[in-house]
Amino acid sequence: MKQLALLTLTLLYFAAVALGQRVAPGVNPGHYQQQQQQQPQYQQPQVPVQPQYQQAPVPQQQQQQHQQPPQGHAPHHGQPQQVLNANNIQQEKAHIAEHMDVPIDTSKMSEQELQFHYFKMHDSDNNNKLDGCELIKSLIHWHDEEKHKHAEKNPDEPDKTIYTDEQLENIVDSVMRMMDANGDGYVDYAEYRRSGVEENRRDDYPNGRP
């Protein structure tokens with residue numbers, strides 16, 4: 001009797017185990033265990049995070065340096081950048097002709113051109129100003145002209161000096177006091193025109209030309 005009860009309990013135990021595993025009849029339970037082991041494990045791929053670099057702002061001074069246009073050369077002899085403008089083109093023609101050693105036809109020049117050319121003729125350092133030495137040279141030029149005229153009219157008379165050195169010095173001092181309006185020790189072309197010296201020269205040359 002005890003053996004029958006033990007056998008019944010054993011059968012019930014195996015039946016409970018079989019129902020717990022839910023294995024189909026006739027199928028080896030190890031087959032399911034192998035499938036569970038062979039199932040791939042899917043992992044979410046990790047996307048690498050790229051660091052975001054923020055561009056540093058360019059200093060404003062550096063931008064201005066790159067944006068600045070190339071500067072031109074400095075004006076020649078202190079003249080404005082637009083030297084060949086319509087206002088002084090006639091004067092600049094004589095100026096350029098003198099610098100390039102081009103023969104100048106004074107017969108086709110206006111009175112203003114002649115005045116400017118005469119002024120520039122004595123501007124030896126080409127700074128558009130006449131200093132004391134250049135004024136003396138201009139006076140010597142007048143002096144030589146007078147000597148030449150006197151020698152042509154009186155060929156038999158001996159050569160004589162019209163102005164002494166002291167007279168030339170006094171004349172230069174007088175001209176400076178009369179023409180040097182701003183007192184800088186120079187006579188520029190504007191001061192020359194305002195002084196009325198060209199009127200005296202026009203009296204010496206009625207035709208307006210030497």
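In case you wondered, yes, glycine gets a Cβ from its N, Cα and C as well.
If you look up Swiss-Prot, you'll see D180, N182, D184, Y186, E191 marked as Ca(2+) 2 binding site, on the strength of sequence analysis. The annotation domain 'EF-hand 1' is assigned in Swiss-Prot to 110-145. Taken from Swiss-Prot, the feature domain 'EF-hand 2' applies to 167-202, supported by sequence analysis. The signal peptide annotation in Swiss-Prot covers 1-20.
Cβ neighbours within 10 Å of D184 (Ca(2+) 2 binding site), excluding its own Cβ and spanning all shown chains: 11.
Y186 (Ca(2+) 2 binding site) falls within neither a helix nor a strand when secondary structure is assigned with DSSP, and so counts as coil.
Listed in sequence order, M179, D180, A181, N182 are the same-chain residues six or more apart from E191 (Ca(2+) 2 binding site) with CB atoms under 8 A from its CB. Classification of E191 (Ca(2+) 2 binding site) by DSSP places it within a helix.
On the 0 to 100 pLDDT scale, the model's mean across the domain 'EF-hand 2' (167-202) is 79.
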